[in-house]
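Asks: Sending over a structure as structure tokens; questions will come in a sec.
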Amino acid sequence: MVGFDPGAKEAAISPKEAVLAGSAGGMVTRALISPFDVVKIRFQLQIERVSALKPEGKYAGQFQAFRCIYSEEGLAAFWKGHVPAQLLSICYGAVQFTSFEVLTKMVYKLTPYDSRSAGVHFFCGGLAACSATVVCQPLDTLRTRFAAQGEPKVYRNLRHAVSTMWCTEGLLTFYRGLSPTLMAVYPYAGLQFFFYNVFKKWLGPSDSGGGLRSLVCGSGAGVISKTITYPFDLFKKRLQVGGFEAARARFGQVRRYSGLMDCMFQIAKEEGFRGFFKGLSPSLVKAALSTGFTFFWYEFFINLIHNVKKRQTTSEPAKD
């Protein structure tokens, strides 16, 4: 079980182990789900309606978007911004899971609440994600801009992007969209840990199929939490590309937003209620895979670390 468990047979997860497992799990997961993330971001940034029946913009549907990106930009386009995305995933996974393990242990030691309860996992999961978001937001902004740009590229590489954004837009540009991100990430991550906890308990303890159970429970938790909090993710993406309009012109209409409320009102006025859920379909696929794999790989690497430690302990010669 993810989180501090005082009744566990294994020794409690140390911060160092959580850092290693969280970062390794984030790295593997990012490599697998990157194509869905690129398509989701393209949908979120499109002003025109995304509809296969009445296409108005460049992208009309999920399969059409995959074909279009592949034919125009090549296979590598699905991993645009992969370097900052990998840095983001490694950093985010390390901070989030380490914070979560520490927070659930604090709850057990300092409060009368059960550290294994779904409610505690919601509270600690949300706080852990907020801490990871604040640390990793600049990497998320860079990832979004790389995924959003077409051809010819505005940014040649990560170093060029950082220097250009710093010189032309200032330090605060790396934190564009932070307010809607924090508003969304607490309930999103909290619900992820909450439903993961609930689903694992529903399925009951099992000595076999642990990895598959983690994948299924994580996928279900990801779909539910993403659907509930999705509009805030869209607001964040729209705000992150502010000042980047020239690179978006070839994809269709562009808009400037003065802040979160202006972004919400403009989307509601021009794109309607459905505008808040543009890119939901690839986002749900990505959320199912991302959350499922995140928990799967985290528990996989934790078990791997513990198994290695066991082997080292049993192989050590007995002292006289």
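All residue numbers here begin at 1 and follow the chain in the order shown.
Even glycines carry a Cβ here, placed using N, Cα and C.
Quick paste from TrEMBL:
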type	residues	note
REPEAT	13-106	repeat 'Solcar'
REPEAT	116-202	repeat 'Solcar'
REPEAT	209-304	repeat 'Solcar'
Asks: According to DSSP, how is the repeat 'Solcar' (13-106) divided among helix, strand and coil residues?
Replies: 73 helix, 0 strand, 21 coil
Asks: For the repeat 'Solcar' (13-106), what's the mean pLDDT in this predicted model?
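Replies: Value for the repeat 'Solcar' (13-106), mean pLDDT as a whole number: 85.
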Asks: Counting each residue once, how many in the repeat 'Solcar' (209-304) are helix, strand and coil under DSSP?
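Replies: Counts, helix then strand then coil: 80 helix, 0 strand, 16 coil.
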Asks: Would you list the DSSP helix, strand and coil counts for the residues of the repeat 'Solcar' (116-202)?
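Replies: Counting residues per DSSP class in the repeat 'Solcar' (116-202), I get 73 helix, 0 strand, 14 coil.
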